[in-house]
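S.K.: First the structure, which I've put down as structure tokens, then a few questions once you've had a look.
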Amino acid sequence: MKKERVVVKIGSSSLTNQQGSLSREKLKQYADEIIRLRQAGNEVILISSGAVAAGFYDLGYPSRPVTTAGKQAAAAVGQSQLMQAYNEEFSRVNIACGQLLLTRENFANHSQYQNAHSTITELLHRQVLPIINENDSIAVDELTFGDNDMLSALVAGLVHADTLLILTDINGIYDKNPYEDPEAKKYHFIPSITNDLMEQAGESSSSVGTGGMRSKLKAAGTAIRLGTRVFVGRLGSGHRLEDVLSGKGDGTYIGVPGGDVVNNKKQWIGLHSVIAGAVVVDEGAAKALLRSGKSLLPAGIVEVQGHFSAGNVVDVYDQKDQLLGRGQVNMSAKELQAVKGKSSAEAASFTLTSKSEVIHRDNWITTVRER
Ligand SMILES: Nc1ncnc2c1ncn2[C@@H]1O[C@H](COP(=O)(O)OP(=O)(O)O)[C@@H](O)[C@H]1O
Ligand SMILES: N[C@@H](CCC(=O)OP(=O)(O)O)C(=O)O
């Protein structure tokens with residue numbers, strides 16, 4: 001079988017017992033499966049939830065805390081316990097673990113984003129198992145990944161994973177929440193994420209899960225757009241992750257193997273960068289960007305919004321207010337005000353840059369998703 005680069009995401013609901021705290025037995029089951037997957041020659045990156053679950057009891061809470069401060073403190077206690085548990089399991093077979101705790105801000109900063117990529121690549125190169133979680137203890141409410149489903153999709157994109165396995169407490173995606181409607185029907189394969197599907201997906205029914213199926217679908221949509229196929233499902237006892245990889249998993253497969261990979265610069269522009277302003281373009285420029293794969297030139301700009309600098313990322317709209325995509329500009333908003341609508345030859349004398357494009361096609365991406 002082909003060796004794959006696989007991102008495995010394990011949700012809190014799959015790692016906890018009935019009281020909502022960490023289950024060592026369950027954690028061991030996943031660790032054993034990851035060991036098998038690696039022994040079969042696959043590269044694995046683990047995104048593990050469970051820090052809050054692992055920590056709340058020692059912190060003195062009777063159940064999972066609901067306040068931000070409570071969750072952040074529980075994660076501080078639980079993250080080290082989670083890593084200790086993984087270290088104990090993986091060290092039995094001499095697999096070293098490397099921990100990365102990430103925040104949205106790390107991804108928004110281009111050099112930190114590149115560093116995260118280099119670190120994960122080096123860990124894989126040295127056969128170390130990267131174990132990633134959100135840095136819950138310091139993440140600011142408005143600036144989180146939302147949940148680890150989205151974090152796992154973004155990491156899958158970052159490392160150009162072949163497959164993302166989102167392992168959860170239910171055996172796939174249904175047309176309704178099966179805990180609320182016993183008539184719900186399961187999807188075995190979903191080619192792409194539609195609005196109808198998003199509407200059918202509900203919140204989590206468990207007391208420990210964060211985003212429910214909705215967040216898994218959103219994450220899956222991002223992953224397949226970045227070239228990674230996705231599986232959402234359960235790892236029952238005796239089930240093998242290798243079987244899941246070969247299409248025999250108890251769950252739902254989303255997208256197909258071998259999707260078009262989006263390079264990291266474009267991913268960063270499309271998904272992580274801070275949007276500093278916007279430009280509105282005419283029909284010809286929209287066509288050049290969307291259909292001909294060309295760069296954006298001053299002649300196509302009709303309006304400039306905001307106060308951005310050269311090197312910033314801006315949203316690009318058509319004149320019907322439709323978001324077309326985003327790109328990194330070679331000129332400041334001030335320069336663009338001066339050159340908009342002008343031919344490149346005319347524009348040259350108004351700008352500080354030697355570049356004739358407003359946005360080079362290498363620094364442009366059509367909309368991945370609204371932010
Ligand atoms: N359409 C649906 N199909 C399947 N599960 C759904 C659906 N809508 C809501 N859910 C809920 O989503 C839950 C899984 O999400 P969650 O509890 O956040 O898991 P995790 O902790 O693994 O991230 C399921 O247990 C189920 O209660
Ligand atoms: N980062 C948190 C989990 C956040 C999260 O998304 O949880 P889940 O929906 O169970 O995957 C933790 O480690 O407790």
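Placed from the backbone N, Cα and C atoms, the Cβ positions cover glycine too.
From TrEMBL, for reference:
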type	residues	note
BINDING	K9, T168, D169, T210, G211, G212, M213, R214, S215, K216	ATP binding site
BINDING	S49, D136, N148	substrate binding site
DOMAIN	277-360	domain 'PUA'
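Please go over these features one by one and say how buried each is and what sits next to it.
M.R.: S215 (ATP binding site) falls within a helix when secondary structure is assigned with DSSP.
All protein chains shown were included, and the count of other CB atoms within 10 Å of the CB of N148 (substrate binding site) stands at 28.
Applying DSSP to the domain 'PUA' (277-360) sorts its residues as follows: 25 helix, 25 strand, 34 coil.
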S.K.: Cα-Cα, whole number of Å: N148 (substrate binding site) versus D169 (ATP binding site)?
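M.R.: Given the Cα positions, N148 (substrate binding site) is 15 Å from D169 (ATP binding site).
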S.K.: Return the maximum Cα to Cα distance in Å (whole number) over the record's substrate-binding residues: S49, D136, N148.
M.R.: 11
S.K.: Would you please pick out, from the binding-site residues D136, D169, the one with the fewest other Cβ atoms within 10 Å of its Cβ?
M.R.: D169
S.K.: Given the binding-site residues K9, N148, D169, M213, S215, return the subset with CB under 6 A from an atom of ligand 2, ordered by sequence, or none if empty.
M.R.: N148
S.K.: Out of S49, S215, which of these binding-site residues shows the lowest number of other CB atoms within 10 Å of its CB?
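M.R.: Each of the binding-site residues S49, S215 was scored; lowest Cβ tally within 10 Å is S215.
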S.K.: Looking at the binding-site residues K9, D136, N148, G211, which have a C-beta within less than 6 Å of some atom in ligand 1?
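M.R.: So the answer is G211.
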S.K.: Using Cβ-Cβ distances, find the residues under 8 Å from M213 (ATP binding site) that belong to the same chain and are at least 6 apart in sequence, listing them in sequence order.
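M.R.: Correct list: I170, I173, Y174, N177, A201, G202, V232.
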